Amino acid sequence: MTFFRKVDGGLSAYKENPEEAREGLLKEASIGVPEAVGCQALLLATAGLRLIPPQAAEELLQVSRRVIRESPFTLVRDEDVAVLDGSEEGLYMWRSVDFIYGAHSSALTSKPSAVVDLGGGSVQLA
């Protein structure tokens, strides 16, 4: 199961007080995964964390790792909580579109497709 939820402010909103991220992270994750025990967690941050000072971003990632480890979720590797660069964001977007087209054969066309993600802090084209 994959869960995605956009929240106002995002993780970078906690840059001044990373510990406050604890409640928000677990609350949002628990909404999407009611039976969280043992579910592998991935937290892949985007432009919001790339735009804040690196030390603040790393502190938020460390807090996030600790929060996940103290929760019913499973964090397999430290690298599963990370900041994606713009190229990685574009790759994930492309793979998502490819998956959707493959999963819905009626959506397949002979024409190429493109997706543009105009985010708050970056732009990706796939």
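Note that Cβ sites are derived from N, Cα and C of the backbone, with glycine treated the same way.
Positions annotated as active site, proton acceptor by TrEMBL: Glu89. According to TrEMBL, the feature ATP binding site maps to Gly120, Gly121, Ser122, Val123, Gln124.
Here the Cα atom of the residue listed as 'active site, proton acceptor' is found 10 Å from that of Ser122 (ATP binding site).
Sequence-distant neighbours of Val123 (ATP binding site) (same chain, 6+ apart, CB under 8 A from its CB) are Val116, Asp117.
In the three-state DSSP scheme, Glu89 (active site, proton acceptor) is classed as helix.
Here the recorded positions are Glu89, Gly121, Ser122, Gln124; the one with the fewest Cβ atoms within 10 Å of its Cβ is Gly121.
In the three-state DSSP reading, Gly121 (ATP binding site) counts as coil.
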